[in-house]
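Peer 1: So TrEMBL lists the following for this protein:
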type	residues	note
DOMAIN	97-346	domain 'G-protein coupled receptors family 1 profile'
TRANSMEM	83-104	transmembrane segment
TRANSMEM	154-176	transmembrane segment
TRANSMEM	196-220	transmembrane segment
TRANSMEM	254-281	transmembrane segment
TRANSMEM	293-317	transmembrane segment
TRANSMEM	323-341	transmembrane segment
């Protein structure tokens with residue numbers, strides 16, 4: 001039996017899709033000893049090739065055939081334009097505020113401390129998170145076609161997860177930084193070394209990436225079919241699995257476990273840090289010292305309170321038909337509004353940042 005060179009090339013590449021052109025029978029003949037007979041080996045080989053082909057075909061067909069439609073705020077057609085202008089203004093402030101905060105911290109030597117190092121990364125996370133969500137939200141408010149591909153929806157959810165989890169632990173890291181600064185001021189420089197600060201930031205990003213990969217893995221085990229309406233303006237987990245054609249129990253259970261762990265562990269770090277801060281502050285003999293510490297921590301406490309309150313309320317709300325509007329509103333706050341508020345809170349309530357901005361403006365105007 002003559003076998004062409006192209007058949008051998010496919011065999012050398014390890015392709016399971018041999019098209020049954022003759023190589024399949026040769027390979028089965030070579031395996032006849034292991035399976036007892038030529039017919040048995042050929043039967044097993046055909047089964048393996050067929051199952052592999054079906055698996056890959058189903059995955060490719062799902063990613064190409066499935067289409068999602070983000071419902072967003074389409075049930076309120078009269079306010080589409082006002083919402084577009086509102087969210088465009090918020091996104092513009094978010095981009096300018098967070099990138100401006102990063103620039104001010106980088107350009108001002110006075111702000112080259114661990115506290116502002118973490119704040120610059122918080123601003124970067126907020127900028128990235130808002131950029132993942134806001135452009136698609138703005139697009140869907142002005143166009144009729146609100147479709148998003150299966151791949152596009154998965155990628156939006158993937159990156160959104162990374163930045164949400166990273167921000168959760170970045171806020172916890174900032175709380176620990178304030179704890180060391182207030183409770184161990186003499187050891188602050190040694191304890192919060194540059195290497196240790198980079199390790200904390202890297203750990204926050206790494207855990208965010210790990211969580212996102214885990215969520216995506218279990219989401220891709222679900223089956224989606226045809227065109228489905230996602231009752232949200234963003235590809236959020238609960239909204240995606242709600243339109244699955246298979247049972248999402250395992251995926252929901254996994255994300256619930258991880259979300260609970262992330263929320264409880266980060267809040268435990270934050271609460272423990274601030275309990276020790278309050279105890280230390282109460283022992284201070286002067287009122288001026290207490291005021292200085294509380295004013296330094298006020299911006300961080302405000303950010304934490306807003307962020308975690310919305311996250312907890314969002315995931316405590318049952319996703320019934322009557323609650324989807326509340327879920328959308330809460331989603332707007334933690335995906336669009338909070339990234340805008342963080343730089344405003346830290347710039348308006350922080351004397352060091354305001355002084356640095358004034359100094360940079362004066363130097364730029366004088367030159």
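Every residue gets a Cβ built from N, Cα and C, even glycine.
Unlike curated records, TrEMBL annotations are generated automatically.
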Peer 1: Given the cut-off of 8 Å on Cβ pairs that are 6 or more apart in sequence, determine whether the transmembrane segment (83-104) and the transmembrane segment (254-281) share at least 3 such pairs.
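Peer 2: Touching, no - the transmembrane segment (83-104) and the transmembrane segment (254-281) miss the threshold of 3 or more Cβ pairs under 8 Å.
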Peer 1: Please figure out which one of 154-176, 293-317, 323-341 racks up the most CB pairs under 8 Å against the transmembrane segment (254-281).
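Peer 2: Top-ranked stretch among 154-176, 293-317, 323-341: 154-176.
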Peer 1: Quick test of the contact rule: Cβ under 8 Å, at least six residues beyond the ends. What residues does that give for the transmembrane segment (154-176)?
Peer 2: 115, 118-119, 121-122, 125-126, 128-129, 132-133, 136, 148, 200-201, 203-205, 207-209, 211-212, 215-216, 219-220, 234-237, 240, 262-263, 265-267, 269-270, 273-274, 300, 303-304, 307-308, 311, 334-335
Peer 1: Taking residues 6+ outside the transmembrane segment (323-341), which of them lie with a CB under 8 Å of any CB in it?
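Peer 2: Apart from its flanks, the transmembrane segment (323-341) reaches 72-73, 87, 90-91, 93-94, 97-98, 126-127, 129-130, 133-134, 137, 160, 164, 231-234, 236, 238, 303, 306-307, 310-311, 313-314, 317.
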Peer 1: Quick test of the contact rule: Cβ under 8 Å, at least six residues beyond the ends. What residues does that give for the transmembrane segment (293-317)?
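Peer 2: Counting only partners 6 or more residues beyond its ends, the transmembrane segment (293-317) has Cβ contacts under 8 Å with 167-168, 171, 174-175, 178, 181-182, 259, 263, 267, 270, 274, 277, 280-281, 284, 323, 326-327, 330-331, 333-334, 338, 341-342, 345-346, 349-351.
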Peer 1: Can you check how the pLDDT averages out over the domain 'G-protein coupled receptors family 1 profile' (97-346)?
Peer 2: 88
